[in-house]
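Below you'll find the structure, written out as structure tokens, and then a few comments.
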Amino acid sequence: MCSCLTSGIRHYNMGLTKQYLRYVASAVFGLIGSQKGNIVFVTLRGEKGRYVAVPACEHVFIWDLRKGEKILILQGLKQEVTCLCPSPDGLHLAVGYEDGSIRIFSLLSGEGNVTFSGHKAAITSLKYDQLGGRLASGSKDTDVIVWDVINESGLYRLKGHKDAITQALFLRGKNLLVTSGKDTMVKWWDLDTQHCFKTMVGHRTEVWGLVLVSEEKRLVTGTSDSELRAWDIAYLEEIEDPEEPEPKKIKGPSSGIQDTHEAEDGALETSEAPEDRILTCRKAGSIMREGRDRVVNLAVDRTGRILACHGTDSVLEVFCILSGEEIQKKKDKKMKKARKKAKLSSCKGEEEDLEVSVEMTLQDEIQRVTNIKTSAKIKSFDLIHSSQGELKAVFLLQNNLVELYSLSPSALTTQPVRASRIAIGGHRSDVRTLSFSSDNIAVLSASADSIKIWNRSTLQCIRTMTCEYALCSFFVPGDRQVVIGTKTGKLQLYDLASGNLLETIDAHDGALWSLSLSPDQRGFVTGGADKSVRFWDFELVKDENSTQKRLSVKQTRTLQLDEDVLCVSYSPNQKLLAVSLLDCTVKIFYVDTLKFFLSLYGHKLPVICMDISYDGALIATGSADRNVKIWGLDFGDCHKSLFAHDDSVMYLQFVPKSHLFFTAGKDRKIKQWDADKFEHIQTLEGHHQEIWCLAVSPSGDYVVSSSHDKSLRLWERTREPLILEEEREMQREAEYEESVAKEDQPAVPGETQGDNYFTGKKTIETVKAAERIMEAVELYREETAKMKEHKAICKAAGKEVPLPINPILMAYGSISPSAYVLEIFKGIKSSELEESLLVLPFSYVPDLLTLFNELIQLGSDVELLCRCLFFLLRIHFGQITSNQMLVPVIEKLKETTISKVRQVRDVIGFNMAGLDYLKRECEAKSEVMFFADATSHLEEKKRKRKKREKLILTLT
């Protein structure tokens, strides 16, 4: 009696507050590299050319090319990766995302400590300067931002392009930046003044690629046609040098091409314009590519000797850029030939000799080496010179594949050799069907050409078998064989132990859309586009190749219908069979007699997926009309229609032993629902493209899903209870935070609407940081008021009265209120500081100025405080100068700041002098010059030698 009562109470409680358990993202697998970003070589453990970084949806995978293993995952948040760039020292990797944010990861620890938020759209280009201290980022929002990597803050925003940026490059020797965009422009920026001093308008179409070669004396651009255009760059100092001869013009490859580009040259070769005072650009000619489509990527290797580009096909064209010495040798050879020819053709002999002249074309200076043909279309590539002197090219291909080729550019006859490929960790095409084995350990995924079996716990691929275009699948009871239904209507039976195809049966005349295993596990049913449902039984037949019997299937019955069959499903007691048809209805038949029982109609478009609950009470149907309907199986009545997704519902499956079910949609979301209460429980977001299918494990602890983004995702049930009210509250908070970030940027005096010259952008983090500053300033006001009161009380009492300490200040170690404000400023990320001060109301500024004066006098964090001070003075200049109360404060600040900054500068100067002294001491001991100095001396020598050579040339 007592036990009955307690179980009744438990049931009542459960009914009162139904508890759900949360599913969380566990892993991303089946993906080698995603299409939106670019592949780059990275240096790990001191090895170059062995490891590559590849974008993988929101993460970055580091692959070992030699072993074909994934060795590190740089964890992203939500947004897809669009751009990668390794730092020059090889210790960091800059990663650009779809939402315009940039994170810098340490390759040693795999952690992303620095985040830059300044762009409003996807990052399209990232480049470090030579030392790795600055990073230039270009975006689809048409802006270029230069970031200070060391100080973790933005330096300035460069506006001028009218379309997405395709490339941004720092020049090594000068403080200049060159950028290209889809607006057909190439712009030169002077970074000292942060303005564009030259715009090259010689391109007719988008400039997709841009590289600097020949010691930055030549610029090569790739556009939407089959020409690579070359431009000669001459810098101001070199032109004005009286010892140096005039730079010789190089004629184009042929007069015909020269004529067609007269207009392009004309646009540039106007009379000496003010912008030509820094540098001049002259068109040197064009190199014809073999590809007829647009340039997708154009790049040079680190040495600047090899130039490579590819279009939308699978061919990489490799060119070699000759050095000055090699060009001179070539010229001498040509001279010799020309003289011989002149001697032969003329009777005068020696006298004719002087009139011979040789012209070097661009083709003589940039030579085609070879083409590398990959196994599929190229999405991106990277080049590196190995220690043996061979060139390595790594490719990220369109079909989820990474390939490495090596070639020796010195031996021009050699063909590129494929050194390695990473293929086993993913399918070449989208996965259209997923299944779990009965023990929850193995996962089957099948695509247009292969079946892969994965170990769920290690996520390793343990079997790969070739198949036809798979649409549906299941593990045969016992988990030793699998059955696949294909697009051509065949059934394929595979043995997992050997990986062999046991049998192929022509089951349907059209696509075999659906399979359903019978609950008694003796057979299964198939539905196809030939308007029929066929019943099959498993049987053992004699194997011709061995004495043992093997598994086979035989057809027992056929149910012919009037419409194409899209989905079939057995009821758990095997009495009923549900069949979804192309006429938007679901028909229910008795399994034993095949007589018609019920018709479920109500969907506006065909039912693509359906499932029957474990107790046979409910059937849930998902349709292309974006709705899910829950029906009773007794009378075929519709319990509820739910608007489930923003696009077609692609897959639906009940969690075993419950009335909860999962749906997957083309809107990239997976949702969990309660079929009894008709409630939406939770949404699993992660996929970046439409989801094709999912599978729930027999235990209900795991869900695996596949998508058009080529990734498979594993979701795991936790023990954490999920309360619907809290879930809704969190959702509302997330929506609010998103809307806050999208609100108008605060106005800055002197700026027109739409312009934003600061590098940051308003995010929920900057708003929270501003709130923290406001709270700190308010606490400072309260505490200073309390201090005054306390002094008055002590004076009146004539003795020292104990002062109660604020609990917040106590938590920080009983610090003063002003020190607490400083701690808050120190806690704000360097990259978010300016934007946080920008949203701060002016009423807090006077207090901050007084505080800054007090803190700078103490000499604490002078650099940080000056940065805040100068920013506030810039944005509130008008209000501060017109406020009489602030005049004395500003005067005091002027004195203290100048003296303290001078002190800081002196300390830095002293330290630098000390380091110089130590350097000289080290050099004296080892009698070896430091590397940096040695290279600069060498370059100086080279330059002098070149000058001498040029002089000799002009004299001769």
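For all residues, glycine too, the Cβ spot is worked out from N, Cα and C.
Keep in mind that this is a model prediction, so the values were computed, not measured.
Going by TrEMBL, these are the annotated features:
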DOMAIN    818-920  domain 'Small-subunit processome Utp12'
REGION    242-275  region 'Disordered'
REPEAT    74-115  repeat 'WD'
REPEAT    116-157  repeat 'WD'
REPEAT    158-199  repeat 'WD'
REPEAT    200-241  repeat 'WD'
REPEAT    424-464  repeat 'WD'
REPEAT    505-539  repeat 'WD'
REPEAT    600-641  repeat 'WD'
REPEAT    642-683  repeat 'WD'
REPEAT    684-716  repeat 'WD'
Query - Tertiary contacts of the repeat 'WD' (116-157) (same chain, 6+ residues out, Cβ under 8 Å) - result: 82-85, 87-89, 92, 94, 96-104, 163-170, 172, 177, 179, 181, 183, 189, 191, 194, 756-761, 763, 765, 829-834
**Report entry** CB contact flag for the repeat 'WD' (684-716) and the repeat 'WD' (158-199), at least three pairs under 8 A
**Finding:** no
Report summary line: Counting only residues at least 6 beyond its ends, the same-chain positions whose CB falls under 8 A of a CB in the repeat 'WD' (200-241) are 163, 166-167, 169, 171-174, 178-188, 247, 249-250, 261, 264-265, 267-268, 277-300, 304, 307, 309, 321, 362, 365-366
Query - DSSP helix/strand/coil residue counts for the repeat 'WD' (424-464) - result: 0 helix, 19 strand, 22 coil
